[in-house]
Amino acid sequence: MECDVINRILNEEDLFDCIKRKSKLTYEVNVGNVIIGGNNPIVVQSMALGGSGDANKDAHEVLELAKAGSELVRVAVNSEQAIKNIPYIRDVLVDNGFDHKMIIGCGQYEIARLVKEYPECASALGKIRINPGNIGFGNKRDKNFEDVIEFAIKYDIPIRIGVNWGSLDKYLASKLMNDNALLSNPKPDYIVLQKALVISAVTSAKRAEEIGLSKNKIVISCKTSKIQDLIPVYTVLSNVCNYPLHLGLTEAGSGIKGVVGSVAGISYLLLNGIGDTIRVSLTQQPGESRTTEVKLCQEILQSIGLKNFNAQVTSCPGCNRTNPKYFHQLVKDVNDYIADRMPVWRNTNPGAKDMVVAVMGCIVNGPGESKHANLGISLPGYGERPVAAVYQDGEKLCTLEGKNIFEQFVSIIENYVSVNYQ
């Protein structure tokens, strides 16, 4: 029996083939210099808080997100002042070296009127997001949708059709619920609503094409607040259409809850080959920067091996085999040092984003983990000789001792970066 199990492990390669790389290519949608879909890297998006009424303040909030690594930044276009600010925000981005088309206008029921009344301002947008559930009500719904699509066609602007669980088309949801109630074996309400999300998105996209918008100008999202709804909805979307998919939980929440929910849902979909662009929609903690959601997107992509942004520090939790106070401080210091240096290395040594540095607490896993990293340091455990072994590319490089181990180790890191990532 044991031999059969081992033979299966050794010979059945499909057992380990549980992560799906993207096999179905979606249409490529150009948003300025950023390409969403196809075989291109996953695009990181964010949304500015905005709404201050101060164009300069709003522009610098967008700029902060761009500097943090957001490739596209969404702003709410919900008033005359908001849309009038768009050209100024664009100019601030351009003056700081960013693409002139990285701003996404997020419109709800007022977007049709605003793009019609202020076309010179709206044309500065790189993409427009519209919500089929509230772009208009009654007999205005279809007309408003058509007006925005025609504007997008005229100014060559891509559209994201963003369907949300909390603002789902009431007419469509009601019809599907009523039809379901007449069945001899009705489906649960949540399944009917999942179907309504997908139908709303796909039929809206097809309607946009009928009006004249090219299929490579359309991105789709169907956001829910629960992972167990998000996954089936996007799985079906991926099966029934070729539009690029924008992933994210809506109303994810704040703190650990929002982080865990977003990471769980987005990571699952990406590891199953679904998704072209992502946003983590966190409720900010008081005083927290909006750039947190950008960093989380980057960490998701880096953690699952899709895209590197920063040198990675691997470390154990520490235990009573080592001096936890000293070890935890060393891990923090190395992390802080690399975070401070990455903005410089991106310009002078861009390959440093692929570097892995291991900081380990003792001999149990320290040498092994350090050998798997580009650079690694393994501290001595209690009762061991007070020296720290350093490994480089799998080989022992030297041992460090004394009170300035951190300074010695970062000197080794700097030398490695300058030699290997020129």
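Backbone N, Cα and C atoms are what each Cβ position is placed from, and that goes for glycine too.
Record features, source Swiss-Prot:
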type	residues	note
BINDING	CYS316, CYS319, CYS362, GLU369	[4Fe-4S] cluster binding site
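Overlay of Swiss-Prot annotations on the structure.
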residue : record                        : DSSP class
CYS316  : [4Fe-4S] cluster binding site : coil
CYS362  : [4Fe-4S] cluster binding site : coil
GLU369  : [4Fe-4S] cluster binding site : helix
Lowest 10 Å Cβ neighbour count of the binding-site residues CYS319, CYS362 is held by CYS319
For CYS316 ([4Fe-4S] cluster binding site), the same-chain residues 6+ apart in sequence with C-beta under 8 angstroms from its C-beta are MET360, GLY361, ASN365, GLY366, GLU369
If you count the other CB atoms within 10 A of the CB of GLU369 ([4Fe-4S] cluster binding site), including all protein chains displayed, you should get 19
Counting only residues outside CYS316, CYS319, CYS362, GLU369 in the same chain, those with C-beta within 8 angstroms of the [4Fe-4S] cluster site's C-beta centroid are PRO317, GLY318, ARG321, THR322, MET360, GLY361, VAL364, ASN365, GLY366
